[in-house]
Each structure stands twice: as C-alpha cells, then as structure tokens.
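According to Swiss-Prot, the protein carries these features:
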DOMAIN    1-141  domain 'Globin'
MOD_RES   LYS7  N6-succinyllysine
MOD_RES   THR8  phosphothreonine
MOD_RES   LYS11  N6-succinyllysine
MOD_RES   LYS16  N6-acetyllysine
MOD_RES   LYS16  N6-succinyllysine
MOD_RES   TYR24  phosphotyrosine
MOD_RES   LYS40  N6-succinyllysine
BINDING   HIS58  O2 binding site
BINDING   HIS87  heme b binding site
MOD_RES   THR108  phosphothreonine
MOD_RES   THR134  phosphothreonine
MOD_RES   THR137  phosphothreonine
Amino acid sequence: VLSPADKTNVKTTWDKLGGHAGEYGGEALERTFMSFPTTKTYFPHFDLSPGSAQVKAHGKKVADALTTAVAHIDDLPGALSALSDLHAYKLRVDPVNFKLLSHCLLVTLACHHPAEFTPAVHASLDKFFSTVSTVLTSKYR
C-alpha cells in the first residue's frame, strides 16, 4: 500500500521528469529488451535494434500510461482497467515482464536523476511500479 509519503515522492519525481517521460520510457523498454531478451517475444513485428522508432514509440505509450497512473494514484484500478484488460485478455503478457520493465524503469530514472533518486524516492517508486504491475495483472486470475 502506498503511504501518503510514497504518493508525494512519486508525484514530485514524476513532475520533475517534465517532457522526458516518453524518452525515458523508450530507454527503459530498450534496456528491458537488451537485459532480458525473452521479453522481445511479444514484439515480433517491431524493429528491436538500438534506437528503434517503434521501441521509442511504445516506450512513450508506457510512460503515458504511468503518467495517467500518477494522476490517478488514488484509483489505480479504475485508471488502468482498460490497459489491464488489454494485457490480460488480448496480449497475454507474462506478468513477470512487468517486474522486469519496472526494474529497468528504476535504473533509467536513477541514471538520469541521480541527485533526486534518494533511498526514499527509490523505495516509493519501486512500490508504485509494483502496485501498477499488480493492477495490470489483476485480471489474469
């Protein structure tokens, strides 16, 4: 459960990303594909080479979904319901992949914002990404 302090840390950090959230989403997705090659199986139609426009575009979609989640941090199930349906029923993404992408998002954010990435912020973002992952996989059951 996200505490009030966690919610503040997440919102403050996300605000500091400014217009870079989409860029970071693409970088994190590319990092996921490079670090965990099995995640590529869901994207056979993509050009997965470094710097791919398709990977960047999908990374922006990920970042946009997270921006929506941050804006609706008190109602994540409601805010992410359609996305949960898509991943559970149509795409059938293995839930472990959300954890892998979450890890790569944390690494990417830490690389770009080392001063702001305090232990408390790291813990709050980790809890937030874990909560988002749980919501996205809730309809798998």
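Every residue, even glycine, has its Cβ placed from backbone N, Cα and C.
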Relative to the Cα of THR108 (phosphothreonine), which of the recorded positions LYS7, THR8, LYS40, HIS58, HIS87 have a Cα no more than 10 Å away?
none
What does DSSP call LYS40 (N6-succinyllysine) in the simple three-state scheme?
helix
Of the recorded positions LYS7, LYS11, HIS87, THR134, which sits closest to HIS58 (O2 binding site) by Cα distance?
HIS87
Distance [Cα-Cα, Å, rounded] between LYS40 (N6-succinyllysine) and LYS11 (N6-succinyllysine):
30
Quick one: pull the CA-CA distance for THR8 (phosphothreonine) versus THR134 (phosphothreonine), whole Å only.
20
List every residue in the same chain as HIS87 (heme b binding site), at least 6 positions away in sequence, whose Cβ is under 8 Å from its Cβ.
VAL93, LEU136, THR137
Round to a whole number and give the Cα-to-Cα distance in Å for the pair THR134 (phosphothreonine) and LYS7 (N6-succinyllysine).
17
